[in-house]
Amino acid sequence: MSQVIIAIILLGLLALAFGALLGYAAEKFKVEGDPIIDQAEALLPQTQCGQCGYPGCRPYAEAIANGEKINKCPPGGTATMEKLAELMGVDPEPLTANAETQVKKVAFIREAECIGCTKCIQACPVDAILGTGKQMHTVITDYCTGCDLCVEPCPVDCIDMIPVAETLQNWSWQLNAIPVVNISEESKC
């Protein structure tokens, strides 16, 4: 057998042995995540907007698990804060001042001024902006969370945040907050 083939076989066996060793070590020393962090993250809206003061929903969920206030998520609103309060076993708190007084807004791109640089698309955490390079962009308002992250990267300043009027189609129905009386057959008579 030539020396090249022997070297290839030895390197293959060595790679196989190290791969098996790494696989075993990964299972043996696996770090389990905190389930509270995972549950808190699942409750957050996943907009990664940073309005809470953290770079994304996962870091904010970690901070909540370590005792941070649960009322810093404007896109999640009161419903998310109440679910977080229930999860953490704390009393619900009013949303922070800037979150509560803030009117829901969505991004609006003045398409005639858009140069198609795609910087807003890259900044949008929920993929609510459509467009391609050197073509105008537009916002899918149903997907826009109003996080405001697309405004700053725009080099021609053609993105505005406009307030959304509440209509029957976009109004937040709090169905779990409406009192419902269950009437049994016996109490009808």
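Yeah, the Cβs are placed from backbone N, Cα and C, and that goes for glycine too.
Among C124, C158, the residue that Swiss-Prot places alongside C144, C147, C150 at the [4Fe-4S] cluster 3 binding site is C124. Spacing of C144 ([4Fe-4S] cluster 3 binding site) relative to C49 ([4Fe-4S] cluster 1 binding site) is 11 Å (Cα to Cα, whole number). Model confidence over the domain '4Fe-4S ferredoxin-type 1' (105-134) stands at 92, taken as the mean pLDDT rounded to a whole number. Across the domain '4Fe-4S ferredoxin-type 2' (135-164), the DSSP tally of helix, strand and coil residues reads 0 helix, 7 strand, 23 coil. Straight-line distance linking the Cα atoms of C150 ([4Fe-4S] cluster 3 binding site) and C73 ([4Fe-4S] cluster 1 binding site), rounded to a whole number, equals 18 Å.
Cα to Cα, C120 ([4Fe-4S] cluster 2 binding site) and C52 ([4Fe-4S] cluster 1 binding site) are separated by 21 Å. Take the mean position of the Cβ atoms of C114, C117, C120, C154, the recorded [4Fe-4S] cluster 2 site; other residues of that chain with a Cβ within 8 Å of it are I109, I115, G116, T118, K119, I121, H137, C150, P153, P155, V156, C158, I159.
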